[in-house]
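Let me begin by presenting the structure, written as structure tokens, before commenting on it.
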Amino acid sequence: MAVVHRLLRRGLSAASPLPSLQELGRRPASSSAAAAGDAAAELRGAREDVKQLLKSTSCHPILVRLGWHDAGTYDKNITEWPKCGGANGSLRFEIELKHAANAGLVNALKLIQPIKDKHAGVTYADLFQLASATAIEEAGGPKIPMIYGRVDVAAPEQCPPEGRLPAAGPPSPAEHLREVFYRMGLSDKEIVALSGAHTLGRSRPERSGWGKPETKYTKNGPGAPGGQSWTSQWLKFDNSYFKDIKERRDEDLLVLPTDAVLFEDSSFKIYAEKYAADQDAFFEDYAEAHAKLSNLGAKFDPPKGISLE
């Protein structure tokens, strides 16, 4: 992604060299010893820097994906932390970044590493979720009721095994989505609501094997051109994902098997139809589901978390 080289925001130098993948993985996890007030102030500073990064690079989709993929490895059937996976910052390590489902996410990590370096007291686990929620909000989406104070895992040996994240084209899409999301403790309503985040971003065939090399909506960027988007305005968070899947009138818009099934499965369809007709209802349910996802598997210090509001 070309935006990796456009780190123009307050306090960061565009001339600063990007760290290597190996260097990123060796960065130490942050200490949680700071007082809650100081921690909140540092988190607010990081949030402002994320906003500037979004303005200068239009990297909203990949930051959303970064937060999701760190949290989405959670297994409710495993009680031991961090073996349960989830939002613990493990995605910063090379071994997990190389999982097939995480193709391209090293670019997201390189984008936000300067923010991590500037705000050393913010954990990777918090920064990933902060960046994801902020990207949703800055793209026009709902305010996510976030809390912070997540503890980082310390070493790559604590990364979850590969295969816990959803695939795009499984043989039985509805069964696959339920297997993955039920394992996290999420419901059919939350599956459909969270799927609506595909209103942002593009699929690149060289990474996922899905989508066209380019379309009329993506051939000129912003950012690196190419890929196929789910919606025509793929940097705007709204309910057009559901409308476009339902109508299927534009061959330049992507519909994966796991997208189409939202209007084919009888339980999923209830929510997909609702969200296509009512953006406010979608925003309300999405904000709740996103916040829940961001907390999966997280260990908080302080135990009740830190609010920025």
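The backbone N, Cα and C atoms fix where each Cβ goes, and this holds for glycine too.
Copied from Swiss-Prot, the annotated features are:
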BINDING   His198  heme b binding site
REGION    197-229  region 'Disordered'
SITE      Arg65  site 'Transition state stabilizer'
TRANSIT   1-32  transit peptide
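Counted with DSSP, the region 'Disordered' (197-229) comes out as 7 helix, 4 strand, 22 coil.
Cβ packing within 10 Å was compared across the recorded positions Arg65, His198, and the lowest neighbour count falls to Arg65. Geometry remark: His198 (heme b binding site) versus Arg65 (site 'Transition state stabilizer'), CA distance 10 Å. According to DSSP, Arg65 (site 'Transition state stabilizer') is assigned to a helical segment.
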